[in-house]
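Below is one structure; the comments refer to it alone.
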Amino acid sequence: MLPPSVYERLGLARVREKVLAGERLNLEEGLRLLDCPDLLAVGALAHHVRTRLHGPTTYYVVNQHINYSNVCVNGCRFCAFARERGRPGAFELSVEEILQKVRERLHDPITEIHIVGGCHPDLRLETFERLLREIRRIRPGVRLKAFTAVEIDHFARLEGISTRAVLQRLQAAGLDMLPGGGAEVFSPRIRRLLCPDKLSGDGWLRVVREAHELGIKTNATMLFGHKETLEERLEHLDALRRLQDETDGFVCFIPLPFQPHNTKVEDARGTTGVEELRTIAVSRLMLDNIPHIKAYWVMLTVKLAQVALHFGADDLDGTVVEEKIGHMAGAESEQALTRTELERLIREAGFEPVERDCFFEKVQKVQGEMLKAKGQR
Ligand code: SF4
């Protein structure tokens, strides 16, 4: 922590006191932090909280990302991933092709498979139920983290059933968790501007609340650095904090810097490293009830993600292997990291690497459960 005089000079003395006392910051205080020119002063506060929560631990996961299709009916302006069906670059994997990707990595000690795609016009819920069941059969014990709230809502519309019923069916087929994408920024103004056809912010919160009520944990994201104001960023964090007070269903928050390449967002400035670090730090400080903050190296770049561990983040995500969503928008990071590389990045930053599963359970325990699960089958 920097000396008190630094915070007095910045008009943040009371904020510092509240952080040290573990008191909740209000929106006006969050705004002053997001607007603060002294990045290191904000980062030191976030690092204090991160250290209080997690000590020297930094988490990572050995995971596999699978995008089943980028065909999508929504056409969000900030999205470089989606395509209309039949257009160049559109792809759609069959269940068998996805299962083949899972089989190709059976030799890897993967604990989590992360599956998302666009809102496909006619892939039915039954296909995804079959997919989850088959992956469970091939790879028992692996955690299945799949489908954003936006996809869940889309499946419900296609089937003519409620989102709660969709969640129940997917849960019965083996779904463990929702990854938390599609939140973007909840502001109705931003959604009208950038993604008018997508599930609203209130809709996203409703679906996620239903998931939590069913015992399905989720992550939460925020896409920042496009057209939103700092106030809208803070309101997004506040909405997540209020829902978490009620449900305690969020595991990790993932701030995602907007990648402007190949998108339809005019005058997109893109984010700077300072803005990314400050937003991660303020997220740690505002989200006092969400245990983990992720530095998602795919979007941040590996080097900035490593630095972000000193700005409030306690998780580096994982090995990933094949990532399409960020890279089609110009993300400059690698496509995959090994466990050794992740551990080296964490150690060099001064932290102790701990492998986790999607619930942030240490992997030792997960492997025990995996063995148990295999024995039961
Ligand atoms: S962000 Fe998601 S919902 Fe929007 S166009 Fe891209 S894939 Fe579709």
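Each Cβ is built from the backbone N, Cα and C atoms, and glycine gets one as well.
As annotated by TrEMBL, domain 'Radical SAM core' applies to 58-288.
In the three-state DSSP scheme, C76 ([4Fe-4S] cluster binding site) is classed as coil. Marked as [4Fe-4S] cluster binding site by TrEMBL: C72, C76, C79.
Annotation comment: TrEMBL describes F78, E184 as S-adenosyl-L-methionine binding site. Cβ neighbours of F78 (S-adenosyl-L-methionine binding site) (same chain, under 8 Å, six or more residues apart in sequence): E184, L194, C195, L223, H226, F258, T263, K264, V265.
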Inset, instruction - Select, from C72, C76, F78, C79, E184, each of the binding-site residues with a Cβ positioned under 6 A from at least one atom of ligand 1; if none does, say none. - result: C72, C76, C79
Legend entry - C79 ([4Fe-4S] cluster binding site), number of other Cβ atoms within 10 Å: 24
Legend entry - Model confidence over the domain 'Radical SAM core' (58-288) (mean pLDDT, whole number): 95
Legend entry - Neighbourhood of C76 ([4Fe-4S] cluster binding site) by C-beta distance under 8 A, where only residues 6 or more apart in the same chain count: A82, E184, L194, C195, D197, K198
Inset, instruction - Specify all same-chain residues, apart from the site residues C72, C76, C79, whose Cβ lies within 8 angstroms of the center of the Cβ atoms of the [4Fe-4S] cluster site, ordered by sequence. - result: N74, G75, F78, F81, A82, G118, C195, K198
Inset, instruction - Find, among the binding-site residues listed as C72, E184, the one whose Cβ has the highest number of other Cβ atoms within 10 Å in the structure shown. - result: E184
